[in-house]
Structure formats: structure tokens, C-alpha cells
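The structure appears below as C-alpha cells.
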Amino acid sequence: MSLLAVVLLCMFCTVTNEACAVPSAQQWLVTGLQTQLENGVKQQSSPSPSVVMALNLARGRDSTATKRLIQDIKGIKEMTSGKVALYVLSLQSSCVDPKDVPTAGGHVNVVSALEEKTNEEIKHYYDTGTPKTTNYQLALDILALCVEKSPDAKNAAATLIKIVKGCQSKGCFDVDTAAMVALALTCVHDGMSKGSKMEGAITETLHVITAQILDSQQESGIIGNIYSTGLAMQALSVTTEFYPAGAWKCTKTIDEVLRKMYEGAFTNPEAGSQILPSLVGKTYLDVATLNCFSDPNITVHYTVINQLIGPYFNYSITVKVPKGSILLAALEAAQRVNPTIFSFQTESTSWGPMVISIHGVNGSTDDKTYWQFLSGDKPLDQGVGSYKPTDNEHIVAKFSTY
């Protein structure tokens, strides 16, 4: 096997005793997915609420996308219950109160609209044996109502429990639906009094539903298929008390997801929006606890220095990027502000993107020159696709020799 092949294979290797998280060397893949979703949202007149929510969970809020979400509320009466639920969660993640959304036509209570549509789902179930739309949408409705602390969430959860109990055969729910059921019931469970009859019923149901999800776990780590794995990861990460320790091979799952990402599996925005939260350590339940009062951004001071070849230069800029961003995001922010001075180029390597040129000055193997990155005067031990600067950190890109 060639050295290149070994490097490419190792790019997806993780150490089994590490926490179940994306290894730092592969963070650039997550950043690439985030950028892809951000670019897609900017091009849409009506942004997908699930994509906006995923980006809010991952990197902070986009006020422009939020304004366009609010404009779409006018069509709420024609939406399915699940679509309304997505708007509730997306607005909440954008720090807009879904109970009081300011629109051109007046203030709208989207939670009240969701309560009405959820009650229609339940009535249809008791009249016909099935919800008005799907079990998935009913579960999503309950999750959104629970996040908003609506009293209707508990009643709807009791109906969902009855549906699960009536589903005896293996694989009765697909993985996506089972995962959404798990997320919804976990939310309701977390707000219940311990020892209550309802809490006991939810606990029993969560044991059943997590077992169904785990039955779909493949040897590769994929759960169901690659596109259902995102929601399954979210569900299994918040229900660990309801299945045996070690039953979910989380590290295997992340390794395989990263491998598929490298192959371009998540070009569809909806699929990308379901996988992104787990890759940044979040789930849809975190919508309820997002901090809407602190600045989601950090300040990065960035300097580029060339004292090797003329014309020499030393330029500095200060940019803001979402907290938790990798260094590459700060370079991109600087380039957007002043593309003449802070333009740069990267080259893909098995270790992630490598900066090969800044301000038109290229590194050269013949001259043994390259762009070295430092924090203050200390060389970074990670690349621009992995290193995450802290607030007010001074990053220096210095044209150097080796």
C-alpha cells in the first residue's frame, strides 16, 4: 500500500478511548459542511427552517436568514404540523419568541398554531388509527411543543406512547421516525416528576424505541442508512440511560460519517442539517438552552507578514467570527473585508486545507518557503482547518523558510 493511501485511511482513524467527538484533524470536514449550508441559505429567498436551526446550533445566528424565516410565517395555515414545528424550533434557535413573532401583518403566535395542528393530528389518530400526516411529524410536533413548555406536549406524548405500544413488529418505525420519537419523549421525560405514572410510561417506551434504533446499527457504524444516521446520533446521544452501555458504537459511527462526508454524501441541505448538530456536539433539544443574550462571536486579530521577498509587507486586521470557528473561518472573514490585502489560497491535503499563498506570495518547495501560522510568537501545532482561535487571540501568518 502506498504512503498516500495509508495517510488517506488514517485520516478517518480515531482512538477508541477518546470521547465520541470529531477528531481535530477532521474538523475541516465539519467546517466545509457548515460553509456549504451557509452558502445555500444565502441563496434562498425562503431558507429551510431545519438548515437555519442546524446552523444556529453550530455557529451562532444569521439575522438575515431569520428575517426571511419570519416573512414565510404568513403561509402558516397551509403548512403541515411538522413544518410549523420546524418553524417553531428554528425561530427559537434564532432567539425569536415563537409565541410572539413580529410580522408585517401583526404579531403571530406560531406555538398556538402548532398546538391546533397537533390536536388535529391526535383527533385523526383516534378517528382513523393514524395521525393526520405521519408519526414522524407528530413526534416533531411534540418536540417543538416541549421545547416551548406547552402543556399540550404531555397529552400528545401520551398518544405517541400509545402508537409505539401498538407497533409490535420489528422495524415498524423507520430509523428517522424512531429517532424523532426518542428526541420528543426525552424532552417530555426530562420535565416530568420522577416516579410519576407518565414518567414510567415514557421510560418504558424509550427502552423500546432505542432498542429499535440500535437494531438498525450496521457493522460500519451507520444506523439505518447514511441519511438516517444524523437523527439517530442525536437520539442515541440523549438516551444513554435507556440502552446498555457500549451498545452504540459511537466512534465507528462518527468515523463512517466523516468518511462519507469526504466522499460528498451530504450535498443535500436537509441531509446536511440533520447530521451537523451531532458533529458539533448538539441535538435539537439544545434549542431550548441556547444563550440568546451573549455575543455568539469572538474577536480575532490577524496579521500577515512577509520580510523575505520584495515587496515586503506587514498588514493587520481585526475580524469577528462565530465562537468555536476554526482559523480558516477567520482568514475567510479577513478576505471578505479586504480581498486585495488578505486574499489567500489553500491546497487540499490529507490533513486538511493548507495555506499556500497570501497576498499573492506563494510558498515554494524549491526555495523552501511556506506560510507559518503563530499565536502571538508561538507556532501553532494544528492547521487552519483544525485550530480554533480564542477570543482576542492574535494570529500571525509569517512567510518563512524551512
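From the backbone N, Cα and C atoms, a Cβ is placed for every residue, glycine too.
Noted in TrEMBL for the protein shown:
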- 1-21: signal peptide (SIGNAL)
- Cys20-Cys250: disulfide bond (DISULFID)
- Thr133, Thr134, Asn135, Tyr136, Gln137, Asp176, Asn225, Gln274, Leu380, Tyr402: cyanocob(III)alamin binding site (BINDING)
- Cys146-Cys187: disulfide bond (DISULFID)
- 324-400: domain 'Transcobalamin-like C-terminal' (DOMAIN)
Counting across all protein chains shown, how many other Cβ atoms sit within 10 Å of the Cβ of Leu380 (cyanocob(III)alamin binding site)? 16
When the pLDDT values for the domain 'Transcobalamin-like C-terminal' (324-400) are averaged, what is the result? 94
Composition by DSSP (helix, strand, coil) of residues within the domain 'Transcobalamin-like C-terminal' (324-400): 15 helix, 33 strand, 29 coil
